[in-house]
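What TrEMBL records for 79-102, 108-128, 135-160, 180-198, 205-225, 285-310, 336-356, 377-395, 407-426, 446-472, 484-504 is transmembrane segment.
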């Protein structure tokens, strides 16, 4: 009976297993599948303009509007908010290009990059951390997409009203039955988009890059016209001053960076599909600050215009709330305009959710259970988690939204600090790709039981520097110094973790490093991972002569 049971379990395990290279050991099956392997040349289809389209498409989403609009709610003037956006996203672009370079050069994603610094098994915690954040964000972005669907339906039938439809949610929950039904419609209609492989979804971003900005600009012009021109909007001064104004600007910059905290860590998931490393450099470095600054400018002006259009009210930080007011006080033509803009925003949310969340979570979950999960399956798991959570609780106010942004930025900044310090300072660009898939104790990335203690010491240090300040952000009494540190939480976590990692590696040297700059990844054409005699890593061996492995020169 036991044999029959075991045979059935084995049969279904084989049926559920994803495609993989033949000849791998059981341990290797826990480290790789076809979605985790280095991207082969025929799938490196992302050119520079694909990255431009990707970031333009990603910038036009409601979340970007909310971040910039929340600065207006916090008391900044329009130009102060916009200055924060430029500075914040320019800094974020530098970080993005720093991590993206690793993926573009070696054609590996974030879960594999993390093995070099955190260890073969130690990388699983950062990967799980990033996957959990992606699932939460998938729910949040889907909820915002559901609000777009709500506006589309209400533009057609005014009876679709959250205030008149019987509500089954608690009054203080932040949701109603109509809102949740709209959220479910958006969530359900998003499922087919998860099916497509990563190297093909670039076409979705191209379509989004043309359609959504047009709708955003139309909304921008519409708000200005209703406000009686730009003059009344730009003449509104900041409502705060002195040190409070200075710290609010710092928070605005940090919130802009926090919006990129997840993508800073996992940009290699996309750049690994780059045709050439330079395709992912200048296209990202310039498109990110320009694209997000333009989008944020629209959000800032629209939010500021709400005070002029509806005098006596607080600034409306959510542009969808302003569109709903347009439905309430307009005729059929105005409702048609709201429908078109809301449809464009729904597409924007779909593209952002796929790019920043489902693909990222899918890639991360692939590393957590590679024998049974690929990017597609991981994306659907992410969607299910996003449905099961309560995303509306994070969007009940601008303060709660920005507090959440800051809190998860703390954890991801420490991961980014370790990764960047490991690649650029400690290893000087040198990675032994095949060893990143090797579970044997003799491997250079196995460290201690597969876990790199130096990386974890640095990671925890980067978190601890912000812990007291985070307690203050959620309402506890803490020293003012801790609050100031937390106001620059991403920089504090990054600097401490990267510096600590470099110092520990200096005191306790690690293997597989180079004493001069040595990037060899782009010469790799194929990687065979099996331990038999046919395993090989094809590239020009002369490109890596003179590299350093421990104390001895080594070629791969």
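Positions of Cβ are set from backbone N, Cα and C atoms, glycine also.
Listed as Cβ neighbours of the transmembrane segment (205-225) (distance under 8 Å, sequence separation of 6 or more from its ends, same chain) are residues 50, 52-54, 56-58, 60, 233, 295, 298, 301-302, 305-306, 309, 319, 322-323, 326, 337, 340-341, 343-345, 347-348, 351, 355. Remark: the transmembrane segment (135-160) makes no contact with the transmembrane segment (108-128), by the rule of 3 or more CB pairs under 8 A. Contact between the transmembrane segment (377-395) and the transmembrane segment (180-198) is present: at least three CB pairs lie under 8 Å, with pairs separated by 6 or more positions in sequence. 285-310 is the stretch from 108-128, 285-310, 336-356, 407-426, 446-472 with the greatest number of Cβ pairs below 8 Å to the transmembrane segment (79-102). Listed stretches 180-198, 285-310, 336-356, 407-426 were compared with the transmembrane segment (446-472); the greatest number of C-beta pairs under 8 angstroms is found for 407-426.
The stretches the transmembrane segment (336-356) and the transmembrane segment (180-198) meet in space: the count of Cβ pairs below 8 angstroms, excluding pairs fewer than 6 apart in sequence, reaches at least three.
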